[in-house]
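Please read the structure below before turning to the comments.
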């Protein structure tokens, strides 16, 4: 034994890389401790001890608690296990490398074992292989190239032998077709072989037909001998790494027996038998077969028997590795399913995904959740029961020793207490349930560790599955409370997507101080008020809070002093118990002092004068009447000036999540996260208190329609039904005008559907007119807390048309939907129109149709969840290791640049205040004006404003902003200055300040200080919006695209609106885009025209593009038989050609027929006049004249006479913008190139929605833009807004290699290098075996790999390499040492 190099034990060793490879039989023997030879597991005597040299020999480790390992003497927990080996009597193919073996056999000569390349080619490839930076991808590509070259040759350059094709044949069998040849000139080797059988054929005629199928069977022994003879200089050309394994290692001659701890035997006491692992049983079978073959060989059995046993041995070895083999013959198939090695690794429950990438953790709890508005938004109530079990290891120090003593005395049963003590020097843990706790408490020393219960103020992680985005797990502060549920403030429901109908949530207590700090700063609720998807607030008021705040701020809500004080007092809870509150002066003094609800709401924003918060907001509410701003008739224009609500009632837009005009959002952006969180907590207490005191309930009375409403409803229904009858009548008489691109039937459906949905909408608006404003459902719909006007009108007036995949109910019976109606009935009721309301109840047929629509919704949701879940997993896997670096680029873990600057401007999507813009200048300016009134300063004129701005922006602190941002500011200031000039010109105010009255200068007033503050604020906000280096931009992008996907509809409703162009939308469309599918379901090319205001011109171009068949423009095509001749006569319809504006005549038709695939010669087609074409058939060897005539008659109508064959149809789309009609073409089909080249189409303004098509035609940059536009278009269509930076990152990742790679297992394998990452995604075993074959090195650097290896990943905190070196004191204090006297000093001789 070589002495191991000395290492300090506590130094962490980091894995730098992993090499994959194959073990040679010799290495296996060296690694193993024993050779396993016995097929029995236990000795047959009464001891039942594991047999020596058996599969369960205890020298390979131990699987029982009470028996130590016999090799190293350690117990079950410490012994890693030791290997054994089995020698196979005959070699077998390794099922994992079977494809690789065939690959090598195709590349080498089967006679002399050299690779089938000439010397020059060898040299060329070897030079290429010597390149140092050869990536895994290039290696795989090169192998394919060499393989293709070798397979084309069949004469070996080295020995001149003939080689046929090598194929897999049946299960684990390979054949070499040595004597089969397709060439006209037969190779001499083959002819010799055939001649040798001549005499045999003479005597036995049956041999002859079989001779052509002669082939060589390559069994493992033959292959092994071939592989051993491959020359060493040819091995690199097989792309194998000689250090990681030789070709002969691909064939099993020895099997490693894994240690016992991997395959434990379970002892069950019933019949004192044992339960063995699948691997153990397979190994015994293999040993048994080995013995059988050995006996056969010694006794000299028939070759056939040995061959059969060999096949069976081979199958057992294959099942040992991968038990899910396909194609096993029935007589050999295993009776029961077992788990092989591959099964242990693959799949969600396998080693990679189940135990390495994700694992269960300690110190976590899970229980049901319930709401509690008295908690602050960053708190969570933890049951005492949980708090006693979750502990935190706290070190004893000067500050906390008395506190911890008290906890130790309380012990594990009383909360707050402690469960264990670990003393500083001993590694022993002492359990506090037993023993003298008083004594232990007194003996506490500094540096001991006390495992104390969870107490108030601990940082815990709180999570709800499914965790679709990073806000699904956040850090809260714990509050220990009685009862048995987790409770939290309802404002935090949205990010978790939680409701309280029995949801459960998980809680984890981080175990170190660093983890606590990191959790609080990075994952704290307050730090995540906005979503990184687009910077909108997610944590905001919901449901009751909205209703309460809405009712509180209505313009007729007044309170006397007692009531006002009582409501305001509800905010004095918990931390806020001691805050000062200043009651504002009453609004109404006589006859009694009254306060308005708006004043009370202002107290939430700013309770007292000590509070610095002065928020400003002007925005439209939900029911804004459209004119007069703050004089809106519905009081729905919200104005907040310096934290006082001046006008408007609060609703979802100003308090709820998902809008940037939210008051909490303003507080967050201008005053910081703590102020926003405090205001939200105050609202969460005050609104429910007010609401429950005022009373707010909903009952059947709220949805009872009045007489007037019923009458209005019947009138509406009658009018609508009458109109539908008219349409049906028009269809029957043939007077219905068709919509472009639709048949008459489709047009009718579209018209009726439109008409019936109008009925419901009108009934709904009639409802709203009738209902009293105190009606509860109406109030909820108005303030946006729950429900919509459609829900109300369905309850009160009419449920409306039931749509199934976007159209009316289809026919389930013969020509009718249900047997209650007449056949071919097109009436509204027969096709799923529900005229009743939920209040009046549905008739049986209506109910049936209603359940049909409901069923569709349910199925849709269930399917959608699985689809989007898988899509999100793929997105995360491919984007996870992208990270913004210190040089502002975005790179993957291997250092490939994906973007030169994140999103084109390096800004963080979460910090955007406008739509995709970092700032909304107008709001910032209004805010500055309100907070800094500067009463004594003069107002600036237009020119002064521009000059002041430019002088401030020349200062050095503005150098850090990008030029484009500074341009934006200048543009905005210019707009403001123009407005000032307009106002001053209108009122005749001069710029030198002498106009009377002086008050005119207050109009659009802006002062120098305000300009300066404005520019400073802009600069600060811009710098704050920069993306931090180290941010995991990829993961954020994946979540921001995947998470809205779950809220989209899955099925695509083909709406018959847009000139009936059906575009796929929703999840299937997103899936198509990110899969980079070559053939998408609805390819559409949008073509702008050279003249876009002329309808006739549009029709002309449409004719040039749309595929027109001969059958569509001919009056008749008929066969003509003359006595001596027969031909087909085609009569063109000149009228139809003229109407369709086609550029077709008899001559062009003749040309089209000749160039089509009908095999008609130009001499056979004659043109008579302008409208008649005759085609004469020709007899050929295969068929007679009559049949040729019939074929022609069949195929002539399908000849394309004009247009692009791939285009099925084109529709003229009319854009009515600014009063003018603009025409463009929507072309269905793929052939962008041909459409762009069509005369009359503006080629530069033609786009397609098929990424592949665009890449083929216009290149990779155009494809990237297409991906961006298509994803954005799909999202916007579903009302989702995603910051464009996310979409840009995704499209850059898909296109940065120079081709469009889909986010699928194929695209991922082309993007990523790392074996571990690919193995943890899909096809685990294939990737691992491939890596071993190539001898691949994995330099653990990506996210997946780091998690699997358990080392910190280089993203975020792991990104930087330099640490700050603290300043040291140059002369540190010296301690006097014992021997520090001069006589002990040795003089230094220099």
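Glycine residues also receive a Cβ, built from the backbone N, Cα and C atoms like all the rest.
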From the candidates 445, 555, 831, the one which Swiss-Prot records as N6-acetyllysine: 445
Listed range which Swiss-Prot flags as region 'Bridging helix', given the options 843-884, 885-926, 927-968, 969-1010: 843-884
Annotated stretch (region 'Trigger loop', per Swiss-Prot) among the listed ranges 735-776, 777-818, 1029-1070: 1029-1070
Where residue 366 (DNA template strand binding site) sits in the secondary structure, as DSSP reduces it to three classes: strand
Rounded to the nearest Å - Cα separation of residue 348 (DNA template strand binding site) and residue 503 (Mg(2+) 1 binding site): 24
Secondary structure at residue 144 (DNA nontemplate strand binding site), reduced by DSSP to three states: helix
DSSP-derived class (H/G/I helix, E/B strand, else coil) of residue 1305 (DNA template strand binding site): helix
Binding residues 326, 348, 353, 360, 366, 1305, 1323 (DNA template strand) - maximum C-alpha distance in whole Å: 42
Residue from 144, 445, 501, 503, 1159 whose C-alpha is spatially nearest that of residue 366 (DNA template strand binding site), among the recorded positions: 503
Neighbour-count leader, CB within 10 A, binding-site residues: 499, 501, 503: 503
Among 144, 360, 445, 1159, the one of these recorded positions whose Cβ has the fewest neighbouring Cβ atoms within 10 Å: 360
Sparsest-packed of the listed binding-site residues (348, 353, 366, 1305, 1323) - C-beta count within 10 angstroms: 348
Residue 167 (DNA nontemplate strand binding site) CB neighbourhood, other CB atoms within 10 A: 15
Surrounding CB atoms that lie within 10 Å of the CB of residue 326 (DNA template strand binding site), all protein chains: 5
